[in-house]
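My questions will all concern the structure given below.
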Amino acid sequence: MKKYIAEFIGTFWLVLGGCGSAVFAAFIAAPGGGNTNEFGLGYLGVALAFGLTVFTGAYALGHISGGHFNPAVSFGLWMGKRFPGSQLAPYIGAQVLGAIVASLFIFIVAQGGPNFSLDGSNPLATNGFGDHSPQGYGFLAALLIEFVLTFIFLIVILGVTDKTAPAGFAPAAIGLALTLIHLISIPITNTSVNPARSTGVALFCGNPALIGQLWLFWLAPIAGALLAGFVYHNVLEDLGRPEPEAE
């Protein structure tokens, strides 16, 4: 049970820190109004926020549950022979529940703001494509970027948590990787690579079209993660092992 609670808390923190920074602090208009983002975090700040949540969450909770906080990560680790299949359902359940509770919290707090609105392409930091992409990217672009970036994310995770990797640096490397992933793809899909994160905020955005696009943010990240797990275990894993000495 401790593992599931840790996954719930870690995913709650990821969504609150990442999506919360996007909702509350990405854009803060200059005094007197206008469109200048004088005090807001912008894309860079939001990307750093997502990375920092994983960085801190993994250090705090990774020793309890492994610090997945993401169904795609759980699937990728399972395919890479690092995680038992019997634990997939309870882990994913805890992750999705944590994301939903965090999204509800963001929704409640956001309503207290003077400019609260669910208008726009990505209310509550939702993920989407087409009309719901921050910069209007279409379906194929969204599918490819989510697949490829989740693949890379899992390669990083599997690599830095390998038994032969330097100890103690995994949370930092994973957090920095997630930051870079957001810098690349916020304009395209608002960056998912995490089905739980996408699901939580979509449930409270008030737009059925965004819920209708959720399938892509489950399919592409999980497919990318599964391929990464397969490739790392079957192709890359032995590359880090010492070569046996010739007799």
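Heads up, the Cβ atoms here are built off N, Cα and C, so glycines get one too.
Grabbed the feature section from Swiss-Prot, which reads as follows:
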- C19: site 'Involved in tetramerization or stability of the tetramer' (SITE)
- F50: site 'Selectivity filter' (SITE)
- H182: site 'Selectivity filter' (SITE)
- T191: site 'Selectivity filter' (SITE)
- R197: site 'Selectivity filter' (SITE)
- 8-28: transmembrane segment (TRANSMEM)
- 41-61: transmembrane segment (TRANSMEM)
- 89-109: transmembrane segment (TRANSMEM)
- 138-158: transmembrane segment (TRANSMEM)
- 168-188: transmembrane segment (TRANSMEM)
- 211-231: transmembrane segment (TRANSMEM)
Determine which recorded stretch among 8-28, 89-109, 138-158, 168-188, 211-231 has the most C-beta pairs below 8 angstroms with the transmembrane segment (41-61).
168-188
Cα of R197 (site 'Selectivity filter') to Cα of C19 (site 'Involved in tetramerization or stability of the tetramer'): how many Å, rounded?
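It is 8 Å, counting Cα to Cα.
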To the nearest whole angstrom, state the Cα distance for the pair H182 (site 'Selectivity filter') and T191 (site 'Selectivity filter').
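Given the Cα positions, H182 (site 'Selectivity filter') is 6 Å from T191 (site 'Selectivity filter').
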Which one, 8-28, 89-109, 138-158, 168-188, has the most C-beta pairs under 8 Å toward the transmembrane segment (211-231)?
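Maximum Cβ contact count belongs to 138-158.
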Taking the Cβ of R197 (site 'Selectivity filter') as the centre, how many other Cβ atoms fall within a 10 Å radius?
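So the number of other Cβ atoms within 10 Å of R197 (site 'Selectivity filter') is 32.
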In the same chain, which residue numbers or ranges, 6 or more beyond the ends of the transmembrane segment (168-188), come under 8 angstroms Cβ to Cβ?
43-44, 46-48, 50-56, 58-59, 62, 67, 129, 133-135, 137, 141-142, 145-146, 149, 152-153, 156-157, 160-161
Against which stretches of its own chain does the transmembrane segment (8-28) lie, if we need a Cβ under 8 Å and a gap of at least six residues from its ends?
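Distant contacts of the transmembrane segment (8-28): 37-43, 45-46, 49-50, 52-54, 56-58, 60-61, 65, 67-70, 94-99, 101-103, 105-106, 109-110, 113, 124-125, 190, 194, 196-197, 200-201.
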Would you mind listing, in sequence order, the residues at least six apart from F50 (site 'Selectivity filter') in the same chain with a Cβ closer than 8 Å to its Cβ?
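In sequence order, L14, G17, G18, S21, L178, T179, H182, T191 meet the Cβ cut-off.
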Neighbour count first, Cβ atoms within 10 Å, every protein chain included; then name which of C19, H182, T191 tops the list of recorded sites.
T191
